[in-house]
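Novice: Residues annotated as domain 'Protein kinase' in Swiss-Prot: 1-203. For I4, T5, S6, G7, A8, E9, A10, E11, I12, K26, the entry in Swiss-Prot reads ATP binding site. The feature active site, proton acceptor is assigned by Swiss-Prot to D126, with sequence analysis given as support.
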Amino acid sequence: MILITSGAEAEIYESENMIIKRRVKKNYRIDELDSMLNKTRTKREVNIIKKLNALNIPSPMFYTTNKYDIVMEKIKGIPVKNILNNESLTSNQFLNKICAKTHKDILIEIGNIVYAMHNNNIIHGDLTTLNFIYSDKIHIIDFGLSFYSNKDEDKAVDLYLFEKSLISVHNEEFVSYFYSGYIVNETLNKKLLEIRKRGRKRE
């Protein structure tokens with residue numbers, strides 16, 4: 001296993017076919033509290049991954065877990081961020097498949113995935129194009145901030161943060177492509193407009 005990422009919340013290890021996500025101990029927290037929080041968050045993340053697998057929403061296949069580790073499938077592909085920015089494509093085995101897809105195709109597919117999640121009351125919590133991987137199809141990854149909610153407020157915040165990510169890292173036009181795959185109903189649209197207005201006031 002090779003350590004590929006070490007963040008504030010977890011360490012990520014990989015082998016050829018597997019990813020292990022290991023939640024890290026926070027020294028500033030009381031041991032009992034730290035253990036309880038890590039177990040709870042690991043359990044919630046596992047539950048969401050298993051739910052996505054059951055719904056056939058493209059995501060890593062869950063393998064096993066213990067108190068602090070999640071073992072899951074390694075999605076072999078390219079971050080969508082790189083594809084949309086035309087980075088690191090020339091030597092990749094997926095180049096021919098990617099070239100057959102337009103940026104609009106990719107964003108529509110992402111819209112379909114996020115819509116399916118929200119339709120099942122799953123909030124991702126960290127929607128960026130780095131958290132979508134293109135292999136044989138687009139997969140969504142990284143559910144450390146994910147949770148369940150049927151509230152339009154939570155879904156609208158998820159969408160708004162992704163809009164901001166698309167505009168800041170890529171192209172404002174990509175937002176409209178995304179919404180070609182994610183159909184916003186009237187009540188959610190009303191809440192999304194409120195969230196955007198609040199966001200503009202803070203900027």
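Every residue, even glycine, has its Cβ placed from backbone N, Cα and C.
From a predicted model like this one, the values you see are computed outputs, not experimental measurements.
Show me how these features fit into the structure around them.
Specialist: Note on the domain 'Protein kinase' (1-203): mean pLDDT across this stretch is 90.
Under 8 Å, Cβ to Cβ, and six or more positions away along its own chain, A10 (ATP binding site) finds K21, R22, R23, V24, G144.
Close to D126 (active site, proton acceptor) in the fold, though at least 6 residues off in sequence, lie D142, G144, L145, S146, L161, each with a CB less than 8 Å from its CB. According to DSSP, D126 (active site, proton acceptor) sits in a coil region rather than a helix or strand.
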Novice: Could you say which of the binding-site residues I4, A8, I12 has its Cβ with the most other Cβ atoms inside 10 Å?
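Specialist: By the 10 Å Cβ neighbour count, I12 comes out on top.
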Novice: Please give the greatest C-alpha separation between any two of the ATP-binding residues I4, T5, S6, G7, A8, E9, A10, E11, I12, K26, in angstrom, as a whole number.
Specialist: 20
